[in-house]
Amino acid sequence: MDGGDYSVAGGVEDVYGEDAASIDQLVTPWTVSVASGYSLMRDPRHNKGLAFTEKERDAHYLRGLLPPVVLTQELQEKKLMHNLRQYQVPLQRYMALMDLQERNERLFYKLLVDNVEELLPVVYTPTVGEACQKYGSIFRRPQGLYISLKEKGKILEVLKNWPERSVQVIVVTDGERILGLGDLGCQGMGIPVGKLSLYTALGGVRPSACLPITIDVGTNNEKLLNDEFYIGLRQRRATGQEYAELLHEFMSAVKQNYGEKVLIQFEDFANHNAFELLARYSSSHLVFNDDIQGTASVVLAGLLAALRLLGGTLADHRFLFLGAGEAGTGIAELIALEMSKQTGNPIEENRKKIWLVDSRGLIVDSRKESLQHFKKPWAHEHEPVKELVDAVKAIKPTVLIGTSGVGKQFTKEVVEAMAALNEKPLIMALSNPTSQAECTAEEAYTWSEGRAIFASGSPFDPFEYDGKVFVPGQANNAYIFPGFGLGVIISGAIRVHDDMLLAASEALALQVTEEHYEKGLIYPPFSDIRKISANIAAKVAAKAYELGLASHLPQPKDLVKYAESCMYSPKYRTYR
């Protein structure tokens, strides 16, 4: 396959080329003739609203079903953005966008692609968290698949009820740990739906290839169990063997129905299940946990970029984490892996430069007996330390990372201690949503007297301190997982390898320019996200080919160009 001959246009198995970004061809929306265009207008994949041309109105029996005006997609976009900006409440914006997705798919993605910085906080953190909390009340039309304990023994049949055959990405949750909001049961569906809309908008995976799934094994949230509008099973969570059997049936059914190369992204599972599922299925399925691996990859990218501001190599720095769950240990492990790659030192040696604090204080050797298995590698020789501020003074870290899910933990004393130890303290407050952030951008800059390099999980506005404007970076997984997923798909990878995550981090860090550094940014702006995703996809795909994990052969010559050619374009098609 030479550089210009892309036979897999518009993503894998896009038979009609209807989603290909590089092909401007006429498309017949129906394989059978229809008596009226009424059903065409009610199909979100093909509906164009007032943008149907005069010709299309005649050819597809739409005359009289629409007012006489013909609008461009750009004008429709302008009108909708104007309407969205009238809403004062973010949740109303979220609902308006979900309505649009149900009504006119291409226009929804056009809005998202063209206004990503403005709309990302609406379809993703922080607003999606509130949407999940109120999902039962705002529920209109079901999106995705709901698989509950009632479907045990019938999961393959349930998957066959989904109308799309060639699914490439599944995002699945069991709703037990939604963002920093806890157990939201069946209402966690807002997360897979939101994540997959970003796979399409930011990574160019076409919508028909995306499948959101919620596995409902009950909820331990009393408020939901007593809520008359709750949409899930009214029972306490199933655990142990019952849980494991349902998940195993699900994983087997997915492989049987969609094949070896469907990417299954685990999302917002509780710690114990998240680690176990990833360990159990990573050798037999194409699996990825965004909370463990996606977060780690995006944080590592920020650290690699920040080295240009801080100086030294990764191994020259000391890291202190608040929070030792999925995100904390996942990030720590990836940092240690990257150090090994750079220095050749064994990973055990690198782990000693990384310290973690959990709810009981610093994780040290004397606590080893009582620690969960995923915390044990981080138990180093040191006397016990209870408070975070004392841990900062004892460990003397150059980088402080918050993944605790608990807000306001980076107090004035903590930030001041970091600033006393370091000329440029790197502080990452990663917990979501905004209410759970360990500190705000304003606090980090003020308490460090404008010396901190700051990044957070949820967005913060630029802040002026002492005449200088600081633009806080957002260590948002949306930088990584869409491009990562695209890279996996275009290479036909059959497994995820840690080196693919490192490749994604390095690719993202390379997108930060001098101009960004001058503003104190360690992440590039989201306005360039499609270009960034194509570059990440190319690096991830290249690594999959190098590791012998890719099945789409031969390897395309120019992977960046190939990735771009495979990206879904939300521009309207012209119908015959």
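Note that Cβ sites are derived from N, Cα and C of the backbone, with glycine treated the same way.
Whatever TrEMBL says is automated annotation, not expert-curated.
Features reported for this protein in TrEMBL:
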DOMAIN    101-282  domain 'Malic enzyme N-terminal'
ACT_SITE  Y124  active site, proton donor
BINDING   R177, N432, N476  (S)-malate binding site
ACT_SITE  K195  active site, proton acceptor
BINDING   E267, D268, D291  divalent metal cation binding site
DOMAIN    292-545  domain 'Malic enzyme NAD-binding'
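Features recorded in TrEMBL, as mapped to the structure shown.
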residue: Y124; record: active site, proton donor; contacts (Cβ under 8 Å, 6+ apart): G194, K195, L198, N476, A478
residue: R177; record: (S)-malate binding site; contacts (Cβ under 8 Å, 6+ apart): D183, D268, F269, A270, N271
residue: E267; record: divalent metal cation binding site; contacts (Cβ under 8 Å, 6+ apart): V171, V172, T173, I191, P192, K195, N289, D290, D291
residue: N432; record: (S)-malate binding site; contacts (Cβ under 8 Å, 6+ apart): T125, P126, G129, L179, G180, G457, S458
Looking only at the domain 'Malic enzyme N-terminal' (101-282), what is the mean pLDDT? 96
Among all protein chains shown, how many Cβ atoms are found within 10 Å of the Cβ of the residue listed as 'active site, proton acceptor', not counting that one? 27
Just how spread out is the (S)-malate site if you go by the largest Cα to Cα distance in Å among R177, N432, N476? 18
By the count of other Cβ atoms within 10 Å, pick out the sparsest of the binding-site residues D268, D291, N476. D291
Other than E267, D268, D291, which residues of the chain come within 8 Å of the divalent metal cation site, judged by Cβ distance to the Cβ centroid of those residues? T173, R177, I178, I191, F266, F269, A274, N289, D290, E326
